[in-house]
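These features come from TrEMBL:
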- 185-301: domain '3-oxo-5-alpha-steroid 4-dehydrogenase C-terminal' (DOMAIN)
- 7-27: transmembrane segment (TRANSMEM)
- 66-88: transmembrane segment (TRANSMEM)
- 146-170: transmembrane segment (TRANSMEM)
- 182-198: transmembrane segment (TRANSMEM)
- 243-267: transmembrane segment (TRANSMEM)
Amino acid sequence: MVALGLLELYLLVATAGISFFGFLNVFRPDFSSLVNDLVTYGKSVTNQDSKLLKWVAVPKRWFSHFYLVATFTSLFWLTIVGAVHMEIIQVDRRLVEWLRMGSKGVVKIRPEAALLFCGLICLHAIRRLVETMVVSVYSDTQMNVLHYLIGLIHYVVLPISVVCETVGIASRDKFVAHFDELSNLQILGIAAFVWFSYHQHQCAQKLAKMRKNHHGNITNYAHGIAYGGFFDFVSCPHFAYEVLIYLSLFATLGFTGRCFTLILVFVTMNQTIAALITHRWYQERFGEKYPTKRRALIPYLI
């Protein structure tokens with residue numbers, strides 16, 4: 001039997017729950033209004049007057065809180081790992097024991113990979129924070145508090161998922177980072193991360209411009225049909241790029257790390273379900289005006 005840490009158990013349960021109720025909503029949207037209220041958010045909510053939603057809802061613009069938390073946690077762990085690398089601090093035995101409670105996977109993530117990962121996650125969090133606070137235009141739509149809490153937890157555990165399996169941090173081995181020994185896969189992962197991040201930012205700008213005039217002033221909060229770039233193929237390219245960003249981060253780890261593998265599965269399932277629900281909403285909202293060949297997440301497939 002495979003031994004699991006607390007973080008691994010949480011990720012398995014969270015992924016299973018989101019997948020079950022999410023796909024139930026995708027394939028049987030008429031099954032339960034309660035499930036719909038819990039799974040959907042923002043414009044996809046079918047019953048904006050739901051009593052449950054009113055009791056447990058928060059503004060969708062609170063997405064910025066996710067990236068505030070992500071910026072803090074990624075900076076915190078980047079500082080800790082960096083301080084260990086520069087021998088400013090030593091790894092305490094209690095920290096090792098605490099981290100090993102999160103994951104029972106083999107400790108084999110290289111120190112340089114962990115530093116690289118924390119740095120990239122920090123950049124990702126800061127970019128998304130700026131987008132949510134400066135670029136994106138949010139209407140008065142809401143999300144339920146369950147989505148909100150899961151999002152906050154995700155960005156707390158994200159850096160821990162790697163640190164808890166890093167050699168020299170979660171083990172008694174010496175922490176020695178060799179950046180001159182980065183593999184071609186890791187270099188490719190860095191390049192892919194930059195590329196996908198740029199295009200995700202372009203998606204955010206395109207969606208925001210649909211609600212602004214040429215002076216940059218907000219003129220409406222209506223939803224429209226986006227065209228150009230990846231939008232010509234899928235309804236939610238920003239969701240697709242999110243999955244690809246996490247895949248590129250996995251490459252920078254050398255496709256190593258049991259906890260982060262579970263993180264990647266969680267993100268993939270979450271973004272896929274969100275894309276399918278959003279795609280359905282666009283089709284119902286715009287009918288024959290909506291491009292018939294456009295898919296939800298993956299061109300020509302999903």
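Cβ from N, Cα, C; glycine included.
Where the annotation comes from TrEMBL, it is an automatic prediction and has not been curated.
Segment contact holds for the transmembrane segment (146-170) and the transmembrane segment (66-88), given three or more CB pairs below 8 angstroms at sequence separation of 6 or more. Across the domain '3-oxo-5-alpha-steroid 4-dehydrogenase C-terminal' (185-301), the model assigns an average pLDDT of 93. Sequence-remote contacts of a segment are chain residues at least 6 beyond its ends whose Cβ falls under 8 Å from one of its Cβ atoms, and for the transmembrane segment (243-267) they are 5, 7-8, 11-12, 14-15, 18, 102-103, 105-106, 108-110, 113, 116-117, 120-121, 124, 154, 157-158, 160-162, 164-165, 183, 185-186, 188-190, 192-193, 196-197, 200, 297.
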